[in-house]
Each structure stands twice: as C-alpha cells, then as structure tokens.
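Record features, source Swiss-Prot:
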- 22-42: transmembrane segment (TRANSMEM)
- 46-66: transmembrane segment (TRANSMEM)
- 98-118: transmembrane segment (TRANSMEM)
- 121-141: transmembrane segment (TRANSMEM)
- 150-170: transmembrane segment (TRANSMEM)
- 177-197: transmembrane segment (TRANSMEM)
- 223-243: transmembrane segment (TRANSMEM)
- 246-266: transmembrane segment (TRANSMEM)
- 284-304: transmembrane segment (TRANSMEM)
Amino acid sequence: MTDASINASMTREEEASLGDYFALLKPRVMSLVVFTAFVGLMAAPIGVHPVIGFCAILFIAIGGGASGALNMWWDADIDQVMKRTKGRPIPAGKVDKGEALSLGLALSGLSVIMLALATNVFAGAFLAFTIFFYVVIYTMWLKRATPQNIVIGGAAGAFPPVIGWIAATGSMSVEPWLMFALTFLWTPPHFWALALFMRNDYDMADVPMLTVTHGRRSTRKHILVYTVILAAFALTTAFTSVGGPIYLTTAVVLNALFLKGAVQIWRRDEEICESDNFKIERSFFKLSLLYLFLHFGAILAEALLKPYGLGGW
C-alpha cells in the first residue's frame, strides 16, 4: 500500500464523536496505568488526602491518554495496515492526524502541569519523562527499529506506580521500583504472546517484532525464559516491604499457572497452532492480563491491611 493510498483512506468520512476522541486515549491501556499508579500511591508510607489522591490519579490517567493519542498520531500509517488497529479513529477516517497531535500535546502539557501543582514538581517531571519515553523513545524510535522494542520500551508502561509513589511522598525509594520491575519483566511475554497470533499483521506493517525477525519458534523460547525470570522475581518480591502472605499466596498460584502456560507455548507445534487458531497463545495472553492485575491487587491489599496489623510480614 502506497503512502498516497494510506493518506486517502484516512481522510475524514464523518464528524468525530466524543467517543472517537476518547478512543484516541487508548482507554484499555489507560485503565492499567490508572490501577498501577493507584497501587503505587496507596502503597506509599505517607498518607494522601483523598482529593489530592484523586487529582493525582486523574492527571496521571490524562498523561497516559495523551501518550496514547500521540502514539496513534505517529503510528497512523501502520495502524491502517494492521487488522487489529485499522478500526482506530485515525485509520477509520473519524479523526484527523492533526487533531490527534493537538489533543496529545495539549493533554500532555495539562497533565504534567496539573500533577506538579496538585502534588509536587518531582511527580510532574517524572510524568513528563514517562510521556517522552513512550512517545519518542518507544513509538518514534524503538518500535520500528529493533525486535527488542517492547523489552526496552516496556519501561514506559512500568513507570505509573513509580509516579503514584512520588506523588504521595515527593521522594524515591526501592519499593516503587519493585513494582516497576514486576511490570517491566511482565511486558515481553505479554506482548510476544500477542505477536505469536498477530505475526502477519506486524509483518505487513513492517514492524520488527521478534516473531517477524526471528520467527515464532525463537519467540516461544524467549517467552519461556522471560516467564521464568518474571516468576523468580515475583516470588522474591513477596518477602520485601511491599509483599506479605496475601501477595505470596497470589504469586505462588499465578506463577505456577503462568509457567505452565509458557511451557505449553514453548512445546507447541506450528501446524497445530495454525489449525486451532493459536488457542493456547490467546489464552496465555488473556492470562497475562489477569496475572499483572492480581499481583498489583495483592500489593494493594497488603498496603491497605498493614495499618491494622494484617498486611505485610
């Protein structure tokens, strides 16, 4: 598909609705940002006034949405090619690229300034860095440059609990980085599982995902290796200041299931995968979402129960 045909097909066909502009913010991704940032905020040792806490999470969410809009602006050409993304507002002809850029920039500035005013300058600055990392380092550079794109770029999605912690404390410590590392190590097996059954999409869009550059067999090995590392870290985290019996129980069960799934994926025959439409890979991808949500849910439970002597060790 030529650039001219891509631009022509992205010409606005009708007036955009509020829902179309909201879709630019990647609400599903934003929900993960909101939840992990909230856990980081609540796990902090310094209590935050509910109004300030609400404002902090709101502005972090807006910053995450701004990143999504800028990502869609830059990736409009490949979104048009991929089946998974061609229904997004820009390739669907509902929102102009210029509008997405303007919205993303405006929300970026708003979120950073308001978070700094509502909490502290350190939190605002870290949010600004996160937006920059996701948009410039990952979207504009790494995504189309290397099969390690989501390994390095995954840091952007792992920063929200750190921002939440800083918003509450105004300082840095080891605890938020444990939450960062949990998300950072989770990102590769999560996205590589998606890439296993969406390989053709990435290939057509000329995105060098590991499945495209190294093949599915190599990707399966990488998923297994990263899952083993993730499981070891997740279980070790249970014995740190953010862990406790609730987290340990959750981690044991979830990592047993996740490791089992990774081994199943590693052993899979490609012909069988094609015949059952990557059933196991799709299930593993869905499990990965539950995996991260429940780990952070357990960290949140430990933090909420700790003042009553029921959380932590």
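Cβ atoms are placed via backbone N, Cα and C, with glycine included.
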Legend entry - Stretch-level contact, the transmembrane segment (284-304) and the transmembrane segment (46-66), CB cutoff 8 A, at least 3 pairs: no
Legend entry - Cβ-Cβ under 8 Å with the transmembrane segment (46-66): same-chain residues at least 6 beyond its ends: 24-27, 29-30, 33-34, 37-38, 103-108, 110-112, 114-115, 118-119, 123, 127, 130-131, 160, 163-164, 167-169
Inset, instruction - Counting only CB pairs under 8 A, let me know which of 22-42, 150-170, 177-197, 223-243, 246-266 has the most with the transmembrane segment (121-141). - result: 150-170
Legend entry - the transmembrane segment (22-42) versus listed stretches 98-118, 150-170, 223-243: most Cβ pairs under 8 Å: 150-170
